[in-house]
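K.L.:
Below you will find the structure I want to go over with you.
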Amino acid sequence: MSKGTLFDKVWDLHTVGTLPSGLTQLFIGLHLVHEVTSPQAFAMLRERGLKVLFPERTVATVDHIVPTENQARPFVDRLAEEMIQALEQNCQENNITFYNIGSGNQGIVHVIAPELGLTQPGMTIACGDSHTSSHGAFGAIAFGIGTSQVRDVLASQTLSLSKLKVRKIEVNGALNPGVYAKDVILHIIRTLGVKGGVGYAYEYAGTTFEQMNMEERMTVCNMAIEGGARCGYVNPDQVTYDYLQGRDFAPQGADWEKAVTWWESIKSDADAEYDDVIVFNAADIPPTVTWGITPGQGIGVNQLIPQPEELLEEDRFVAEEAYRYMDLYPGQPIKGTKIDVCFIGSCTNGRLTDLQEAAKIAKGRRVAAGVKAFVVPGSERVKKAAEAEGLDKIFEAAGFEWREPGCSMCLAMNPDKLEGRQISASSSNRNFKGRQGSASGRTLLMSPAMVATAAIQGEVADVRELL
């Protein structure tokens, strides 16, 4: 059993009690809401005559279904328009803060909460979205939940949960040029498997994470769920505090000093006990690309697609399925795979530093003929900041489309979709069958800089050759 970890401390501080089932009733400090998983939850509250218990701890935005080109209302997609109208109504009726399109603060929920300073160390955070683990980058314990649990949090501000074990994942050393936070998490998932973290919270530690900025840490924590972990986190430090200070909802003045003192106290103790510890060397991590239909099917850009006998027996069936679906074969280089669509964005990699790294590759170059490439900022604030630096002009000059904020091609809930057997280079987080809108479309996950490289070369290529 873990002891003295940040997870233990935050869990214990937010425990309301133990239910007859043995589950812990956990208080949720911040509930983030969007248009897809909330309508049914609000409807269930209405049926029971209930109101949102703590509207001041609830914040909403619209992200999944919003078009990234024509955002004029009403939306062309009738269902999307109905969903945003429902969220507008539900927030108004329950006095919930709602950041709508054009507010200056709209964007992907896991991008706007940190940039507003809503996400803070030591919090418990829930959202009806798988990638809520992103907020763990701040030393928060953040869970993705389903619609019925969204209802529970709206009504009671609590969740019924089993306490997780804690695995410490240590990565030490400096990353090589051309290797980014996305490569780190893809490498971890590749090594431990998509089910390796089931029953665990992941604590990311080591000198590599200490050297990362907050947006890089968010990328890693975002994909903890893809490795099976319910949540992932990094202990807060000066990097965290420098990011938060002065943001809209961050403590101010004397309250700031008190907050930092408390945040320091909830960090994992030096002698904390973990259920498991796994250590990686940053120098061993290459620019990584997924070749299959799970985020765990990744290889270095210069490596070959694995032979079945190289895999664990339990992974071979999915590998055989992936070979067929992706139309790739064992022993084939992933480098040189032709690309049709390049997507830079998502809650994994749609922040300012992600766009900056991709722009370094795009600057002075051109998107290859026949490739559709587009960049979708993660929020209105990210878009404004990027345009202030001229990143939009760099991308457009290179032949990329510059879009409005939203989840975009990460998932098939808006107009940005693959067609037929198209294959994409994507900075998003999931490469499941049909994930990007076509039942036969294919997705290769990689860092934003690697996506930009693929766009320029028209195929999977090594970003280090363009640095």
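Glycine is no exception: its Cβ is also placed from the backbone N, Cα and C atoms.
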K.L.:
Just to be sure I read the record right: Cys407, Cys410 are listed as binding [4Fe-4S] cluster in Swiss-Prot. Which of Cys342, Cys347 is listed for the same site?
P.N.:
Cys347
K.L.:
Need the DSSP three-state call for Cys347 ([4Fe-4S] cluster binding site) to compare against my parser.
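P.N.:
It is helical.
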K.L.:
DSSP three-state call for Cys407 ([4Fe-4S] cluster binding site): helix, strand or coil?
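P.N.:
It is coil.
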